[in-house]
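Note sheet for the following structure.
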């Protein structure tokens, strides 16, 4: 009798020795798929669950006369200019399922940003790192939005807890109440993002309203869940750092007895990924958040009885 086929999940990265994604030294698993499309996103390759291609011009050897990818794309998405440089029609490329360009490239200039794992395969990768965690580490599921692949994630979480692996999640909480509650039954620690308290401004920069996000956070905070929750705010000057928005976050936290928040200053580390995906990065001219301003925001939270950590400074 054949065994039942295991669920597969799409993963775009697995990082060992992570020290900023929850208590202790951790393994962080990045799952594909996200309901948001934040204009500052550092991982835009994670937005879709299905595999898709990225192109790195810096890795491409077209200037040295390489032609191994010529004629490989049967869909007509790949052409070449007079300098032999690949030119990609992303509207055609986004529907590709064969990825001949990726398979032909010797230099990893074309690469896929999703890899399938079965439940057991991923759990084996996680367990492999367990000697690095010491006594207080574990696994953190990030993304993208890990809750989009909730069936796969649920099976992985169950197997992790079978062998007493501490589980954490980084999530936008932008999923149905049913999915959110089901997954959090097996979560020990959580970072949940709040991008903005105003629903219209939230939609303007992320593509979705924040009603479901705030509802899930509130429900979790008022449930019998016994894990640890830290809210996270990606601080972006001129978007969500106003006195009004900070005050609204504090009011929301007080209302729901939430006591910890992490302020993450905006950065442009993901800009090159947008280029590799053929996307325009609207935040290329956005400046860094002033350190003095971050300290002022931190003081406001502290003065209101909320533990506030800036950047990767956390109470682990």
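Every residue gets a Cβ built from N, Cα and C, even glycine.
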Swiss-Prot annotation, S-adenosyl-L-methionine site containing 40, 41, 42, 193, 194, 195, 267 - matching residue among 76, 144, 305:
144
By CA distance, which of the binding-site residues (42, 60, 69, 144) lies nearest to residue 34 ([4Fe-4S] cluster 1 binding site)?
144
Between the Cα atoms of residue 193 (S-adenosyl-L-methionine binding site) and residue 38 ([4Fe-4S] cluster 1 binding site), what distance do you get, rounded to the nearest Å?
12
Inside 10 Å of the Cβ of residue 41 ([4Fe-4S] cluster 1 binding site), count up the other Cβ atoms and send me the figure.
21
Could you tell me the mean pLDDT over the domain 'Radical SAM core' (20-307), as a whole number?
96
